[in-house]
Amino acid sequence: MGDFNLALVIVAVVVSVVVLLVSLYLLINYQHPDDANQAYFPKLVVVLGLTVAILSILMLPADVANRQACKRAVYNGACHLTLPMKTLWIVVYIVDAVLVFLVIPFAMFYYEGDQDKYRSRLLSSLPFCSPACLEASLSLNCWMRLKRSVGKRLKTALIWVFASAVVCGLILGILYAIVGKVDFTVRHLSSSVQQFPNSFSGLSSGQPCFSQSPKVCAASTAPANSLTTWTMRASFPEYVVALATIVGSVLFTIFGGVGIACLPLGLIFSFVRRPKAVITRSQYIKEATELGKKAKELKKAAEALHQEERSGNKGRKWRKNVKAVEKELLLLEDDVKALEEMYPQGEKAEATWAFTVLGYIGKLIFGVVGLIISIAWVAHIVIYLLIDPPLSSFLNEVFIKLDGVWGLLGTAAFAFFCFYLLLAVIAGEMMLGLKLVFITIHPMKWGGTLMNSFLFNVGLILLCSISVIQFCATAFAYYAQATAAQEIFGHTLQSLRGIKYLYKYNVFQYGFVALAILTLIYYALFGWRKRKPTGRFQISN
């Protein structure tokens, strides 16, 4: 048992180092060229946030493996050599909450205060476009941000963070003082004191007690009125984790429910809508001219909104128009990329087209695999969580059998299913951001992601990672039984006053499945269609 724990500690250290290196790799390859050799504090926050998010997902499989170290102990408390998983869970999620509600907002405010860090998003994607086309993106990115000195930016960010900390602290303190209690439903069993018998031969299933008096010492024969409520005060760290989980669960239900369907279907229909052949040069010039006109319209819209900002007219319509312009710019970039795919240029044009075709085939393969995983997820939720009693433990049994094949195979599959939910959240946020005006888009692009978009997506991942762990701990309760995660997310969280009813009636699970079905219907009706040009761009007056 000691050797097992030593190996587990070594694996935990190695995995933590690997996760840190992976976070650095993602930062280096996704960052925008404008952020090279600068914006070091936001980059530090991004690396820390990604590391915490990934490790938090991996902690649940580690918790399951940690439990195996004590499987021969008479009771869990008899094993003192395992990792302190409950303490680690609390530390990780307190760090998670601090990053989401304090550090990341501070980094975003500080970063966005410097307009000199921004440049055109289209510099690398519109090589054929006129200077006006480039100026459209340049003005769009710059006019939305006030140029401030370092000191003023720092002061503004600190004021915002301090105000947020005060508000969050007051809300947490008031809620914890009023309803920060846990109500456990227990069965009260008691009996009179009896002399210790010399023989136990008289005990049986029909006679479980020493005495012949009413059998209230056995749960199986206890009356219904023996049920009672045991109330105790929850620890403050656990309460912070619980409230953060509720906030994350709302976002996870919306974005994850949409993303679990649109992630694989988006890849599949991307293959369906792929360019079938290379277009002619005349067609390319015609399409490029139309994109140039659209860019000029965006420039005019950006200048008009810039003028409104200077005049102090920054109401609801102004913010709505800002988001509309941002989304039109993102769609314009997608159109440019699609045009470049249909007309590859240069000495290696044929090779470029071949890689484009292979890329779409890869999307189809990953889309089909993702669709199988999504169907398995939804089926497992319905079979194991929504139907009472469960029809089958389904994926729980799959993971257990995989563990029987090879010790870490089930754990790896378990971790993969959890990570897939995080990918679904990002996909759902991107889809809803394109469809709904009130949601701001923060796209992640290889070699073209600004730090504010990086910070936003890391914050979303961190916030939803808590809910993903809670969701997985519930969905795979049979596989993850007797773990520290089960104690926190399966008992304390689901017994908190005011919160327990959301889990008692499976509100989040029903919402998740409903949104997944609606998204599937949407793709079945409209997903196969190519996006039509929107015509002249207009903003609300």
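Note that Cβ sites are derived from N, Cα and C of the backbone, with glycine treated the same way.
Annotated in TrEMBL:
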TRANSMEM  6-28  transmembrane segment
TRANSMEM  40-62  transmembrane segment
TRANSMEM  90-111  transmembrane segment
TRANSMEM  157-179  transmembrane segment
TRANSMEM  239-272  transmembrane segment
COILED    281-342  coiled coil
TRANSMEM  364-387  transmembrane segment
TRANSMEM  407-434  transmembrane segment
TRANSMEM  454-479  transmembrane segment
TRANSMEM  507-526  transmembrane segment
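Proximity of distant same-chain residues to the transmembrane segment (90-111), defined by a Cβ-Cβ separation under 8 Å and at least 6 residues beyond the stretch ends, is recorded for 39, 41-42, 45, 48-49, 52-53, 55-56, 59, 117, 153-154, 156-158, 160-161, 164-165, 168, 237-238, 240-241, 244, 451-452, 455-456, 458-459, 462-463, 465-466, 488. Model confidence over the coiled coil (281-342) is summarised by a mean pLDDT of 79.
With a threshold of 8 Å between CB atoms, the same-chain residues lying at least 6 positions outside the transmembrane segment (507-526) that come near it are 249, 252-254, 256-258, 260-262, 265-266, 269, 374, 378, 381-382, 385-386, 431, 467, 471, 501. Residues 27, 30-31, 42, 45-46, 49-50, 52-53, 56-57, 59-60, 64, 93, 96, 99-100, 104-105, 107-108, 111, 241, 244-245, 247-249, 251-252, 255-256, 380-381, 384-385, 393, 395-397, 399-400, 410, 414, 417-418, 421-422, 425-426, 429, 440, 442, 444, 485-486, 489-490, 493, 503, 508 of the same chain lie 6 or more positions beyond the ends of the transmembrane segment (454-479) yet place their CB under 8 Å from a CB of it. Ranking 40-62, 239-272, 364-387 by CB pairs under 8 A with the transmembrane segment (407-434) puts 239-272 at the top.
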